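Okay, so here's the structure we're looking at.
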């Protein structure tokens, strides 16, 4: 055949050392990606993406292989792996290295073959009839495939045995490494290239060592099934029905010394440090960084389109292990993060369903609510529970006929059977008592420090401005009490012209002077309430009392609210010093740190607070603590009230109304006006053999699995861990259902239900591929913070690192046999950011350093806050945004392009700070604007006015009368609008302005080494060394 083989590309020579690496392609040849792992956004570990544009010159059935077509880099097909393609001439190609063989083959198809069973010549058009739409082709041309449960292991022919076969013989399946696979089969395909449908994609990403063809450009990477049903893949395609594109020579093993040439279904980072050298041997730019923030796993949603949105429920891995032994090899937290009242995606409200006539449809055994995954049988008269498999009767009023596919004909009118999230209106049997009205009770410290800070004035003004927006009008109830060394109650009966103050100074025997008039209906007593709030700041402006009878005041507030429940908002400025619950100064003892007594500082000192929290929860009272002191105020004890009642802690150290007033105003407004679920309980049901064993967040556990939540809102998330009850799961899918029973502010009792399905797998690699970094990190951080309550900070940090090392070591062991890993650190694409987030957890306020690195109150308040944060908010706090502003501000103002480039985040390292620049650091809780030393004086003058040369700790940022200043204020407002749950205050710092630059910014640059703590490079090297030990 010589070199005159017209119509076929001239295959370039491959270097002998790495026979799978691709040489630069000629112009007329479709390019293949080079071998070696991808690091970064292109190396998607989740799903194959179709090519960006159709390739009209390649109309064949040969699958596209390359970085665009697959979630990992595949090697070029082994000489196209097609025996009907003749071997290239020896004059162009050196002899192949290793035992890959060339089999004798006819250059033309025999009569027994399909007309075009191989790729047509490149660059030559092929006459084709017009292709039908992708969906039509899929339905009309793909023969049915047998279903069945996957075998636990598949043994293939030994790779050392040479098995010759003829060109017309197509009965050899593609060899795969001998490992456990959850879906080992291939989809059946037709071999006719003219009418070839795209290959069916497995609902899972390609397996380790397996070859999966990518979809054609015109086809979706996932089949769309009506009703969201995804059929299981066949156990194995019948022999002889696989296209030649899927074949590889059974008798050929990988060349000796070139094992790395196998498909690498993982990401890696080269770590080539030389002992004794300063250079760490890591390409800093190649290190993975979450510069796009939290990215929800898309593959899971596409596999199960009827699952609830990930913002409501996220699993740490959406591949559930089928055995306890697999769980023990996972090493990362196995569980879920639930945010039951998360704000719905734009334009998608959670549908409300009212079963007036039938009552709510539930399984009579496990009490699961009807959902999209139940199946109807017996002509629609029975339904099978997806969680416990019990067959239930369908009530007559709920009956509907089934169509030919077994679906109800009224599906379009039944959101509970098509949507993963739904809200049921609960009938009276779901009520222990009539639904409570929204109740807000304010307990305000009026001691001298509270008066001087200006806190009382800001709080009174904010509450007054929110009266029209409090949820539940006209049923809303409101009440007030103030305290210093005594407790002051206020009678706000609607018949009064102004409120009456009543003082109780006997702290040992608290009583309510007017039990019925201390909590009033807001709409009836509106004028009295407004009069009180207007006069409150002046009422105590001359108060010089330094004491705080907080404990007795708390008991009094409980007595007022115990009839109805509600939300208790505490504004605390002075360490409690009188009566029950008084606290003493602690935490300023350096000698305690590093000893076994260290954790005692982070625990409540007095059991009174935990006992009160239990009582408050019992009577449906949630506590939100606002703490303001400039001195030690024992947040560890006060925060216990919020922890066990489903509340939150807001801490404003050294509060001054002129500086912090706007932040308090915004966050208190958010607290008062956001939609709240009252007197709630939450339970998560899951399929047979799986159960939730531990819960993490702010709540009280009423039974083994029932969480009591006196108040819930969209800013609260809860984490829980899963364990397997059975040694081996026999089902192919596990279902999870979150049910939140609550009272809406309108007075209706409702049940919000979120349902999700997840596949059961027997392959550890699959678990890692389907991992969700955001959920893993959320659970990690909660577990680490809880560990600081029983261990030293150092132990908590070490536990984070140890689990990451164990997980990466286990993952490495999966590939150590087939691949030459050398000095590379390998990790699943889905968890590429995990090491960096692990470092960020260790550097976060609750866990960092020791005595000198954060005040005790700051540490405890950050811990309470992080225990409640939803995933996106938590990840931003751990790895904040760093954005360059000066280039944007200097551009001519163009409204269209105003904010387009502002999402370009920089790695958190000092080397990215240019002294000629202006940078914004944003962790969701505060803004920090960093002025470089060499920044143009004009920019500084425009933004700061007369303060531009002053020390920036004394300067404040406000809008000046110039375009640049207006633009900066607009940018900051835009960032605040994106996440209204907290109000970031703006701090200013100039390069070299110590110590402010150090503690405000430099200590928070996660990737830098500072004060004896690891930087990102050191952390990676440390983890890599530990992974390689005994690996």
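Any Cβ shown, glycine's included, is placed from N, Cα and C.
Unlike curated entries, TrEMBL annotations are predicted automatically.
The following features are taken from TrEMBL:
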- 8-21: compositional bias 'Low complexity' (COMPBIAS)
- 48-57: compositional bias 'Pro residues' (COMPBIAS)
- 84-98: compositional bias 'Pro residues' (COMPBIAS)
- 103-114: compositional bias 'Polar residues' (COMPBIAS)
- 360-398: domain 'Zinc finger Sec23/Sec24-type' (DOMAIN)
- 435-671: domain 'Sec23/Sec24 trunk' (DOMAIN)
- 677-761: domain 'Sec23/Sec24 beta-sandwich' (DOMAIN)
- 772-875: domain 'Sec23/Sec24 helical' (DOMAIN)
- 905-966: domain 'Gelsolin-like' (DOMAIN)
- 1-141: region 'Disordered' (REGION)
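Listed by sequence, the residues of this chain that lie at least six past the ends of the domain 'Zinc finger Sec23/Sec24-type' (360-398) yet keep a Cβ under 8 A from its Cβ atoms are 227-228, 306, 406-408, 416-420, 422, 424, 426-427, 685-688, 735, 737, 739, 751, 753, 755, 757.
Confidence across the domain 'Sec23/Sec24 beta-sandwich' (677-761), taken as the mean pLDDT and rounded to a whole number, stands at 95. 435-671 is the stretch from 435-671, 772-875, 905-966 with the greatest number of Cβ pairs below 8 Å to the domain 'Sec23/Sec24 beta-sandwich' (677-761). Note: the domain 'Zinc finger Sec23/Sec24-type' (360-398) comprises 6 helix, 11 strand, 22 coil (DSSP; helix = H, G, I, strand = E, B). The DSSP breakdown of the domain 'Sec23/Sec24 beta-sandwich' (677-761) into helical (H, G, I), extended (E, B) and coil residues amounts to 0 helix, 58 strand, 27 coil.
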